[in-house]
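Visitor: Per Swiss-Prot, transmembrane segment is recorded for 15-35, 45-65, 75-95, 104-124, and the stated evidence type is sequence analysis. Swiss-Prot lists 36-44, 96-103 with the feature topological domain 'Extracellular', giving sequence analysis as the kind of evidence. Residues or ranges marked as region 'Disordered' in Swiss-Prot: 149-168, 182-223. Taken from Swiss-Prot, the feature domain 'SH3' applies to 224-283, supported by sequence analysis.
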Amino acid sequence: MPRIRLDNLFGDPFALASVSISLLAWLIAFVSAIISSIRDSFPPIYWWNLVYMFLCIVGIAYVMATATTHIYSTAVVGYVSAGFAFTTFAADGLLKKQSGSNEAAGAGFILLSIVNVVWIFYFGSSPQSRSRHYIDSFAMHKEQPSYLNPSQMSNHYNNRPDTTVSTQPPQMYTSAQLNGFETSSPYGAPPGPSGASGIGNSQVNLAGTSSNGEAPNEVSPPTEYPYKAKAIYAYEANPDDANEISFTKNEILEVSDVSGRWWQAKKATGETGIAPSNYLILL
């Protein structure tokens, strides 16, 4: 489950402003609705509009605080579009009533409608669009996967935690350490340079494996890849890291986990490895 980080919300001027304005507009409509219910008559259906918009505001704040906009953007657009219809309908009905409290509630719904339009535009825009790029450029902690060129992405991801395969140096043996192996073979290898070489290689291989023939630090790859991702840039794997995989632009990959900066991916050819998430976009 994604972690809630308030830095993602307070460090993003757009997120902070839109959520704050929507909360202020909701409070205006809510307080005015209470006053209208006491003094005049407030249509009961509009209470559902207030509850629905409150849930939308909380949900959008959660999405922005967890930096999962790229995952839930489609759902957010759908919910906010329905909320826009609700708030517009409520504003039209309340402004027709000759009452100060109803008109104040209608003003709150109008302000909510304006924020809804802005949210529909933002969450409905592609991450590669210029408008989305411009808005996100003011954020302090937001990752911008589609706005960096490939060279910037490569440098941005060079500081990832090293994996077991890439950090473990090859085990080297000197001739002094291998001395005497030609006389200790249980297989009866012939003495001499050829026999010593064969037994030495056998001992080196056995030294790096466990009793059941598997490497002690080897991590088995996942068997399920529930997500699909599309490469927005071509990527060439680091030759010094056997865990990475190369892929071409627009290539479709299967992904097992979408958390973190590096995703475990599988190509159509069956090749598996890790890929930088900023080069991929979920489908």
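Backbone N, Cα and C define each Cβ position, glycine as well.
Note that the coordinates shown come from a computational prediction; the quantities given were computed from them, not determined experimentally.
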Visitor: When you scan the chain for residues with a C-beta under 8 Å from the topological domain 'Extracellular' (96-103), skipping those not six or more beyond its ends, what do you find?
Guide: 32-33, 35-36, 39-40, 42
Visitor: Over the span of the domain 'SH3' (224-283), how high is the average pLDDT in this prediction?
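Guide: Here the predicted model's pLDDT, averaged over the domain 'SH3' (224-283), is 86.
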